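So TrEMBL lists the following for this protein:
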type     : residues : note
COMPBIAS : 34-46    : compositional bias 'Basic and acidic residues'
COMPBIAS : 241-260  : compositional bias 'Basic and acidic residues'
COMPBIAS : 274-290  : compositional bias 'Basic and acidic residues'
DOMAIN   : 70-105   : domain 'EF-hand'
DOMAIN   : 106-141  : domain 'EF-hand'
DOMAIN   : 234-269  : domain 'EF-hand'
REGION   : 19-46    : region 'Disordered'
REGION   : 241-290  : region 'Disordered'
SIGNAL   : 1-17     : signal peptide
Amino acid sequence: MNFSCLLVVLAVGFSCGEKETDKHGAGHKPPSHMHHDHEKDGEHNSHYDHEAVLGSKKLEEEFDELSPEESKRRLALLVKKMDVNGDGYVTAEELTQWILTSFQKLDEEDSLEQLKEHDTDKDGKVTWKEYISKQYGYNPEDMEDFKHRDQEDLEDFNKVKKMVEEDHSKFNAADEDKDGALNEKEYVAFEFPYDFKHMHEVEMDRSMKDYDKNADGTISLQEFLGQEGADDPEWEATEKERFTDYDKNNDGKLDREEMKPWILPDNMETATEESDHLIGRADDDKDGKLSETEIVDHSEDFVGSQATNYGAFLPHEEL
């Protein structure tokens, strides 16, 4: 690939990478359960609920074709799996745990799709060479050639080089067996590092490099805001409030520990909020837990027209 073409290809990737940090999200890629915003046009987005319960996007069209009776029958089967202790009710704790599992399955589903795309030799793994070839459009050996360019070209390339180096560090951290390739489990950690403790430090390091402009080991309010809020006072006010929430010791800057809730989103908190929301919608007798009847009667809140990867939860013969 010639240098001009490479810069075009990688500049697109670089823009996309920057875009994903516009809302101060953690890492280069948001969790799959953020596929739908929790709120849309000021109202709760039911699609978010459906994905949180179902844990899959793949079979949406199939579920949309089911009759109301069949969709409720399948939901009732899921309820029995949610009710871990078999007492006939789904408690807040049981629903929260179910939603956490759904979030993980959404990430796994998305990662598997990416793995198949990047696994050019179809051996079930992705090497670093395969990844950068598909993601950036060049081979590692090309790097040396690109260094022998004029200063203007090098400035553009160095921006891209930074992204590649960050991805390489994350790739190496995800490669737990150190065989130079990522299997399915390792690839999930690479794509969605938030739920994998062994990935946390590399994510923290990446964020420090991105935001800590004066390299003092902390993030100031100005570094936190960057240039994004210059033309959006409402956004800036909201982000200042978030910064204050993160700044536990009120010293006007975020240390590494204070940054963790920002850089490494807590799925437990999100799952608990979603569980509370669904119970609030379906708990007709206000006893703080859900019966199968209550869930099925409120099936549109739980599944709507979304499909579920039932095979992830139920043996096929049970469907």
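Indices start at 1 and increase along the chain as displayed.
Backbone N, Cα and C atoms are what each Cβ position is placed from, and that goes for glycine too.
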So, by DSSP, how many helix, strand and coil residues make up the domain 'EF-hand' (70-105)?
27 helix, 2 strand, 7 coil
Could you give me the DSSP helix, strand and coil counts for the domain 'EF-hand' (106-141)?
21 helix, 2 strand, 13 coil
Per DSSP, what is the residue tally for the compositional bias 'Basic and acidic residues' (274-290) in helix, strand and coil?
9 helix, 1 strand, 7 coil
Let me know the model's mean pLDDT on the domain 'EF-hand' (106-141).
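Within the domain 'EF-hand' (106-141), the model's average pLDDT equals 91.
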